[in-house]
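Chemist: Dumping what TrEMBL says about this protein:
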{"type": "DOMAIN", "residues": "4-184", "note": "domain 'Prephenate dehydratase'"}
{"type": "SITE", "residues": "Thr177", "note": "site 'Essential for prephenate dehydratase activity'"}
{"type": "DOMAIN", "residues": "196-272", "note": "domain 'ACT'"}
Amino acid sequence: MPTKVAYLGPRGTYAEKAAYALVKLDKLSEATLLPCSGIRSVIENVATKHCEAAVVPIENSVEGGVTETLDALWGHPNLFIKSAVVIPIRHALIGSGSLEEISEVLSHPQALAQCSGWLNQNLPNCLQLPTSSTSEAVRMVQGSKFRAAIGSTKAALEINGLSKLAYPINDVQGNCTRFVLLQNNESNQEGDIASFAFSLHSNKPGSLLKALNCIASLGLNMSRIESRPSKRELGEYIFFIDIDLKDKLIDTNKKLKRLLEPLCENIVYFGSYKNEEFEID
Ligand SMILES: O=C(O)C(=O)C[C@]1(C(=O)O)C=C[C@@H](O)C=C1
């Protein structure tokens, strides 16, 4: 069956690279990629069934959770994570002028943050301008001598006249981002990781501890915990959890649900899925 896959465009983003990797990993047949502007639009495309799948960044090793993705997952309980890939992120400064002429640097806010040390040291007086993606930034600096973009070396090759002014410029050498493939049908019950989010019945001493104890009592390793505001009132949170399921029995998920559900006001399961790590190319 043909599969339309939404991702953060235009061409040359890290999300596009992740989308190709996830299509291969998930063996999606006759896949066509649909570039979208903004993570919200990527997710809307799969939530409204305009596309059969979507690829979004969920977590970066330096900057942490991608809040737009976490909020959208909580807001669309019909979406499930089918698989995940971790992609190494190596940023280049791209432009057509010389480094000395640059007065504005454009990129996705995550990329600007991942290079903040380098920017502070090498271009301290430059204005930093946010864009919807790294390759959108590359597109926008075309033809300008005083503007540069932060993006992938692939994005630089897509446009004539642009070259790498500096590479790599990310502050942390092992910088990497996890991307997930979202779908709108049945969730997987098996895989390396299980992800879910919950809100608690009450903001009382020990409420969160009781929920976390359910995970510990089954001997499960929690590989991530992150909170987001509920947006209803100050001090009320939603907790996003990843559980390591490798070598665990298939009914572990069911047991965890039975223990957790009485403690939670709302719980959303994103499914269990396989996770693959990519090497630098
Ligand atoms: O703009 C891109 O190229 C993206 O794929 C988005 C994104 C992100 O949202 O985190 C992905 C990887 C990098 O961490 C920087 C930006």
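Cβ atoms here come from the backbone N, Cα and C positions, even for glycine.
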Chemist: Along the domain 'Prephenate dehydratase' (4-184), what average pLDDT does this model show?
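Modeler: On average, pLDDT over the domain 'Prephenate dehydratase' (4-184) sits at 94.
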Chemist: Just counting, how many other CB atoms are there within 10 A of the CB of Thr177 (site 'Essential for prephenate dehydratase activity')?
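Modeler: Around the Cβ of Thr177 (site 'Essential for prephenate dehydratase activity'), 22 other Cβ atoms lie within 10 Å.
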Chemist: Quick check on the domain 'ACT' (196-272): DSSP residue counts for helix, strand, coil, in that order please.
Modeler: 23 helix, 31 strand, 23 coil
